[in-house]
């Protein structure tokens with residue numbers, strides 16, 4: 001319940017700060033970051049977090065600073081805001097943030113004094129060793145006729161709030177301090193006696209789980225947070241020029257003040273947007289939206305270039321799809337014209353010329369003692385017209401030269 005009240009108060013304070021303020025000096029910004037405990041090495045926020053019932057409730061209950069709270073609710077916008085702080089301030093937003101090279105944010109929703117005040121108060125109440133005064137007699141259970149002077153001593157004990165109701169602040173390490181006091185016993189039989197007593201001194205603390213005994217006997221019905229941020233029950237109002245109705249804050253807001261909430265006409269199912277779009281992420285060094293995964297123009301390979309809007313590698317010559325010529329088609333994978341011609345078996349395809357060519361030719365057939373047949377792309381041998389029936393001993397008839405030749409000249413007849 002306290003968390004809901006805090007969120008309502010935070011939203012009211014943020015809405016009250018919609019009037020853009022002056023630019024703060026870099027020194028002031030640096031001091032603010034230091035107060036919030038920001039570091040240059042920011043952990044990766046990952047994808048836009050889904051606002052689903054129990055998961056959201058657990059995250060909200062476990063946050064321990066303004067930085068963590070904003071990172072849970074508005075991960076990308078908050079990262080962009082801190083990036084702008086490190087760059088020396090913020091700028092007025094561009095209404096079309098995804099198309100510009102540099103995403104500019106408005107300062108209206110981020111009143112530094114309010115956030116700093118909340119975070120300072122938050123840090124003061126964290127679970128940690130705190131200097132307290134303890135009653136010596138009660139600490140050790142002294143007899144009623146014995147007391148100490150001074151009656152109290154100063155030691156450190158764990159105290160503060162845990163960020164979840166199921167936890168309590170407990171000490172994880174303890175040291176002991178020796179204190180010298182006067183011990184007085186009545187009736188007085190002797191004067192005050194100096195005594196040295198050791199007191200437990202907590203040196204480190206941690207929020208730890210409570211025992212579940214009571215919860216097993218008495219179930220506590222708690223009202224859960226809604227699965228999504230509450231929508232306004234009232235109908236959308238007609239807002240003046242340059243103002244847009246906001247379903248979450250239930251009022252008209254200036255367009256330039258939209259920083260936590262996206263344009264109503266472009267709401268997604270969960271009501272939140274990635275500030276850089278689905279294919280981009282924030283580069284915290286340059287405060288610009290860049291393609292995810294470190295995709296650069298050099299990553300696309302030959303014949304391709306990087307489309308900075310879609311963050312995809314596209315063909316450089318895609319505008320010339322119809323210039324491939326006959327029997328060629330444009331291949332989207334290689335970004336080149338490839339031959340798609342079908343050739344007969346005896347005329348294999350020449351990919352370079354995209355033509356069906358014969359494997360045999362006149363010269364090849366001549367070397368085989370044959371003639372070239374253009375229609376069939378094959379070599380053939382014309383029959384001998386003067387074939388001799390008998391050759392002299394040691395000679396054999398050659399079908400290639402149509403005469404008798406020495407037998408050892410004759411090659412095996414391949415055909």
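Just so you know, glycine gets a Cβ as well, placed from its N, Cα and C.
Taken from Swiss-Prot, the feature signal peptide covers 1-31, and the record attributes it to similarity to another entry.
The disulfide bond annotation in Swiss-Prot covers 127-169 (among others) and rests on similarity to another entry. In the structure as shown, the Cβ atom of residue 169 (disulfide bond) sits within 10 Å of 20 other Cβ atoms. Under the three-state DSSP scheme, residue 169 (disulfide bond) falls in the strand class.
DSSP assigns residue 158 (disulfide bond) to a strand segment in the three-state reduction. Listed in sequence order, 127, 128, 129, 130, 169, 170, 171, 202, 205 are the same-chain residues at least 6 apart in sequence whose CB falls under 8 Å from the CB of residue 158 (disulfide bond). The disulfide bond feature in Swiss-Prot is assigned to 158-205 (among others).
If you take the C-beta of residue 162 (disulfide bond) and look for same-chain residues 6 or more apart in sequence within under 8 angstroms, you find 127, 168, 169, 207. Annotation comment: Swiss-Prot describes 162-207 (among others) as disulfide bond.
Marked as N-linked glycosylation site by Swiss-Prot on the basis of sequence analysis: 171 (among others). Cβ contacts within 10 Å of residue 171 (N-linked glycosylation site), excluding its own Cβ and spanning all protein chains shown: 19.
Counting every protein chain shown, the number of other Cβ atoms lying within 10 Å of the Cβ of residue 201 (N-linked glycosylation site) is 16. Look at Swiss-Prot and you will find 201 (among others) tagged as N-linked glycosylation site.
Per Swiss-Prot, the feature N-linked glycosylation site maps to 236 (among others); the stated evidence is sequence analysis.
Positions annotated as repeat '1' by Swiss-Prot: 276-291. Remark: secondary structure over the repeat '1' (276-291) totals 0 helix, 8 strand, 8 coil, with classes taken from DSSP.
Summarising the annotation, Swiss-Prot assigns region '4 X 16 AA repeats of C-X(10)-C-X-C-X(1,3)-C' to 276-358. Taken as a whole, the region '4 X 16 AA repeats of C-X(10)-C-X-C-X(1,3)-C' (276-358) shows an average pLDDT of 78 in this prediction.
For 300-315, the entry in Swiss-Prot reads repeat '2'. Tertiary neighbourhood of the repeat '2' (300-315): same-chain residues 99, 279-280, 291-292, 332, 334-336, selected by CB-CB distance under 8 Å and a gap of 6+ residues from either end.
The repeat '3' feature in Swiss-Prot is assigned to 324-339.
According to Swiss-Prot, the feature repeat '4' maps to 343-358.
Sequence-distant contacts of the repeat '4' (343-358) (same chain, six or more residues past either end, CB-CB distance under 8 Å): 325-328, 374, 376-378. In this structure, residue 205 (disulfide bond) is part of a beta strand by DSSP.
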